[in-house]
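One structure is given here, and the rest of the page talks about it.
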Amino acid sequence: MWIEIPECYEVLRNVFSKFRRHSLTAAMVKLLMRADTHVSFTVPAEEPVAKCTFSQVLAALSVSLGSMVVGFSSAYTSPALVSMKDRNITSFEVTDQSGSWVGGIMPLAGLVGGILGGPLIEYLGRKNTILATATPFIISWLLIACATHVAMVLVGRALSGFSVGVASLSLPVYLGETVQPEVRGTLGLLPTAFGNIGILLCFVAGNYMDWSELAFLGATLPVPFLILMFLIPETPRWYVSRGRDDRARKALQWLRGKKADVDPELKGIIKSHQDAERHASQSAMLDLLKKTNLKPLLISLGLMFFQQLSGINAVIFYTVQIFQDAGSTIDENLCTIIVGVVNFIATFIATLLIDRLGRKMLLYISDIAMIITLMTLGGFFYVKNNGGDVSHIGWLPLASFVIFVLGFSLGFGPIPWLMMGEILPGKIRGSAASVATAFNWSCTFVVTKTFADIIASIGTHGAFWMFGSVCVVGLVFVIMYVPETQGKSLEDIERKMCGRVRRMSSVANIKPLSFNM
């Protein structure tokens, strides 16, 4: 027996059908009304929905504390460079060039960490790889805090960036493999929320501490993360991949609760692994290039591309100028705090909505908000740079900027990382996540380093219009290619994307919710 809730869906379909005589409208309606575009609200009446356990929350919280260290590391240069440049020591002279490398070396090191992180999570395991990043984080911050030369800061930032690259890959994979489908969206966004807490903490502390004191604070953040990681298990799927089914059962029982029947889920994981093994080649890279695996990998790469080419780093870089053009008298450091607060609030909202609206709906909202605000910012700077009077709309850049950050943090900020841990097949999850993470950091470095050249070539207005145009293409990409994964187990997602339904018919009925992809 099935309970149909969204009657409005059928009403909308009937309304839109009246416009089928218009070919363009019909095409757009067909795309927007695709079954995997929206969340289905049909649930089997006889099957109770599993409840989230404290153990899952503890696991998500533990790894998310690592994300707070990542956020703190990413934001460090913004408040720290000012006090670094004020230090009157010849051996510690921070020029504009060396200062740019203090910030720029982290994404480069993150690229290396992203490449090596894939083999690490397959060889060491998801948990042990995350755990292994804590010590390098502490060492990197102590190097920076005790630095007597710029070179020590650069080494510390490089080590921190490497750890960030490894962590940004392994955190979503761990959560994707441990959290049950019904709450995977909410708990899966905890790393992003804690990452934004780390950013906000760095901005606030940077108002009262110099670069060295701020680095000492950074060295303390991995300690609670390190302690809590010892309390949680390795993922059941990694244990199964190593033939340790008994350990997988214990880990799954800990995560789902002592009274939970984990046999159906464990059998599904084992079946999925066996099926993947039958179709695996001797080379991990050859596995990536298989048609069945290439589709989810390309979708993940596409999401990473549109995340960074939305211009988020460019807009953050231009924060102070936007506030100045808005006629704001707010202190520059306070502006960065406002950015951190907006980031955190938006991500918190996303955690409440993602398991209700689904991934794609939040991506739609996010992309449309970014398109409107980027085009608006471009229009403002076009009028301003051509001698137009913008004094009466000095509030517009500030409003656009806040809405842009809100929109990004609702969807395209956290969801590409969340879906990376969901849609990549289990057999290649480590190597594919490594490729996706390295690609993301490459895009980050390119956008950050070329933004000034883009401004010089096509102007500020042209840069914002360019990023807005990329977001338009990104919206089409989401509509046409990105599947809805809300409420589905990883095995269900893999069967749908890789076309292995027939071989796994005995497991196909193990569904906590019923959805159409």
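Cβ from N, Cα, C; glycine included.
Membrane topology per Swiss-Prot: Ser98 and Val240 sit on opposite sides, carrying different topological domain names. Residue-level annotations in Swiss-Prot identify, among Asn88, Asn440, Asn88 as N-linked glycosylation site. When Cβ distances are compared across the two stretches, the transmembrane segment (159-179) makes no contact with the transmembrane segment (297-317), since fewer than 3 pairs at least 6 residues apart fall below 8 angstroms. Counting C-beta pairs under 8 angstroms (sequence separation of 6 or more), the transmembrane segment (213-233) fails to reach the transmembrane segment (101-121), with fewer than 3 such pairs. Residues of the same chain lying 6 or more positions beyond the ends of the transmembrane segment (57-77) and with a Cβ under 8 Å from any Cβ of it are 99, 102-103, 106, 130, 133-134, 137, 160-161, 163-164, 167-168, 171, 174-175, 178-179, 187-188, 190-199, 201-203, 214-215, 218, 221-222, 224-225, 228-229, 231-233, 255, 340. Counting Cβ pairs under 8 Å that are 6 or more residues apart, the transmembrane segment (462-482) and the transmembrane segment (361-381) reach 3 or more and are in contact. Against the transmembrane segment (361-381), stretch 393-413 shows more Cβ pairs under 8 Å than any other of 101-121, 136-156, 185-205, 334-354, 393-413. Comparison of 136-156, 334-354, 393-413 by number of C-beta pairs under 8 angstroms to the transmembrane segment (185-205) places 334-354 first. According to DSSP, the topological domain 'Extracellular' (206-212) comprises 3 helix, 0 strand, 4 coil. Secondary structure of the topological domain 'Cytoplasmic' (122-135) per DSSP, as helix, strand and coil residue counts: 11 helix, 0 strand, 3 coil.
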